[in-house]
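Novice: To start, I am sharing the structure in question, which I have written as structure tokens.
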Protein chains: 2
Amino acid sequence: MFTGLCAFPLTPLHQQTIDEKAFIRLLDGLTDAGVDSLGILGSTGSYAYLSREQRKRVVQVAKAHAGSTPMMVGVGAIATSEVLRLVEDAQQAGADALLLPMMSYQPLFAEEIYAFYEEVCRHASVPVCLYDNPRTTHVTLSDELQGQIAALPAIASIKIPGLPAPQASERVAALRRHLPGGVTLGVSGDVRATAGLQAGCEVWYSVCGGLFPRISLALVKAICHGDAAQVAALNKQLAPLWRCFDRYGGSLRVVAAAAAILGLCDPDSLPRPLLPLGEEACRDVAAALHGLA
Amino acid sequence: MFTGLCAFPLTPLHQQTIDEKAFIRLLDGLTDAGVDSLGILGSTGSYAYLSREQRKRVVQVAKAHAGSTPMMVGVGAIATSEVLRLVEDAQQAGADALLLPMMSYQPLFAEEIYAFYEEVCRHASVPVCLYDNPRTTHVTLSDELQGQIAALPAIASIKIPGLPAPQASERVAALRRHLPGGVTLGVSGDVRATAGLQAGCEVWYSVCGGLFPRISLALVKAICHGDAAQVAALNKQLAPLWRCFDRYGGSLRVVAAAAAILGLCDPDSLPRPLLPLGEEACRDVAAALHGLA
């Protein structure tokens with residue numbers, strides 16, 4: 001399941017509680033489009049803001065609507081004890097894989113990070129994707145450390161940050177040298193996904209794919225087929241969305257605004273302290289959506 | 001209560017559950033020494049790693065042993081909804097004040113940070129201390145923003161990071177210009193506490209004070225009295241401890257090791273993923289303790 005398009009849907013809220021109807025609408029859009037896998041409770045799914053009970057419910061709802069689409073579930077938390085509880089919940093609810101970031105409060109030593117992955121992977125009965133997201137976690141994982149962690153039998157993939165186009169191939173090759181065969185690399189940071197996939201990443205862990213699965217699937221397909229003209233055409237369509245990601249503090253608030261504009265969820269669907277984008281930004285997002293209809 | 005020495009005890013664990021006996025030993029040491037206030041569930045009290053139920057219990061135990069010593073309680077969490085639950089728990093358990101950091105997962109806009117403090121302060125029935133700790137939260141609060149937040153009626157104090165000696169007075173004066181009268185400034189980052197207090201901070205929010213209350217009280221007193229010789233003598237005694245803080249990833253792991261060396265808690269008292277210091281570091285810490293007997 002760690003190839004192709006892994007789509008990360010929002011977990012939309014209504015009055016700060018899970019909006020199950022809206023969540024199901026999003027899930028149905030993804031399974032209908034035929035994404036290769038679902039990434040439930042990723043950063044876009046607001047995992048870090050939801051209680052254990054909320055997260056358990058989200059996974060249950062997702063499983064009930066995933067059909068035959070494999071489902072990866074984010075299980076990040078600051079305390080290892082909480083991560084272990086979330087692993088158990090996710091597995092009991094039918095997760096096909098786990099997405100495991102290293103969150104931190106106190107800065108961590110490399111040996112603490114390794115011991116964390118070792119302990120959690122020992123409790124996992126499904127494959128684990130190492131989630132490297134220094135922008136949100138402020139934890140930096142060296143290539144050597146990623147290699148050590150990837151050697152744990154449970155690790156099947158690594159979700160890496162977006163890659164700047166000029167260095168993408170070198171970066172992927174450098175990291176790959178530390179990894180055992182069979183561990184796939186997946187690029188996130190949607191703005192730079194094309195560079196990552198062209199550099200040899202096997203999967204796109206995609207925020208864009210969580211709301212716009214068809215154009216995202218088309219992009220993955222065009223890159224796989226080496227269809228440069230189609231890749232360029234699709235990226236031209238997506239460019240206004242990428243610009244909104246850059247302009248409005250990342251992808252999350254923009255995708256939440258886009259989902260609301262499309263009538264799929266409440267305009268105020270993000271967990272506090274996050275606020276919805278303002279009117280002017282929403283107009284920009286709406287304009288970006290014209291090209292994606 | 002926002003003056004003098006506010007002592008921040010560890011929340012020691014035994015086999016990853018709260019070690020109430022050890023916690024009570026630490027609390028008794030602080031009230032016996034006569035610290036001005038207690039800082040329960042600060043960063044040193046591992047607030048970020050404990051569940052809501054654990055935190056509720058810690059506050060209850062602390063209240064039962066605080067006697068007449070006022071007690072401030074850390075209520076930080078990533079989600080506002082969780083912070084509001086923690087505020088209610090802490091207040092019901094008898095907190096005299098709340099310590100409120102801005103934790104984050106997604107990078108935040110200034111207006112989101114202000115709205116967070118505004119909302120939480122509206123729910124607080126006791127004074128609130130704004131906790132500025134960019135080292136652990138990775139949230140940076142500008143002086144202007146701290147001033148805006150400090151103007152909220154509930155805010156009584158700001159816990160600021162340690163101040164480098166040469167710029168301490170300027171830094172305190174610059175921040176103070178943005179604050180309403182009556183909001184005290186408290187310095188943390190124990191290595192640099194003397195500089196902060198000499199620059200006019202009214203309180204020392206102290207990790208060192210949470211384990212070594214007598215020497216910490218003596219230092220606060222000597223600084224208040226302008227007794228330069230005594231200040232120098234006490235800092236000379238404390239210098240090996242400060243060096244350990246610098247050398248071993250901050251104060252938390254060092255203070256946990258020190259408490260274990262003194263027989264006050266388990267050698268493995270920190271919440272995973274944090275690991276106890278290794279043997280060599282513990283020998284260094286033990287040596288630092290000789291001067292503090």
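In case you wondered, yes, glycine gets a Cβ from its N, Cα and C as well.
Found this in TrEMBL, in case it helps:
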type	residues	note
ACT_SITE	A:Tyr131	active site, proton donor/acceptor
ACT_SITE	A:Lys159	active site, schiff-base intermediate with substrate
BINDING	A:Thr44	pyruvate binding site
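Any idea what these are sitting next to in the structure?
Specialist: In the shown protein chains, 29 other C-beta atoms lie within 10 A of the C-beta of A:Tyr131 (active site, proton donor/acceptor).
For the recorded site, A:Lys159 (active site, schiff-base intermediate with substrate), the DSSP three-state label reads strand.
Cβ contacts within 10 Å of A:Thr44 (pyruvate binding site), excluding its own Cβ and spanning all protein chains shown: 29.
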Novice: According to DSSP, does A:Tyr131 (active site, proton donor/acceptor) sit in a helix, a strand, or coil?
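Specialist: In the DSSP reduction, A:Tyr131 (active site, proton donor/acceptor) maps to strand.
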Novice: Relative to the Cβ of A:Lys159 (active site, schiff-base intermediate with substrate), which residues of the same chain, six or more apart in sequence, are found under 8 Å away?
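Specialist: Counting only residues 6 or more apart in sequence, the Cβ neighbours of A:Lys159 (active site, schiff-base intermediate with substrate) under 8 Å are A:Leu99, A:Cys129, A:Leu130, A:Tyr131, A:Asp132, A:Asn133, A:Gly186, A:Ser188, A:Tyr205.
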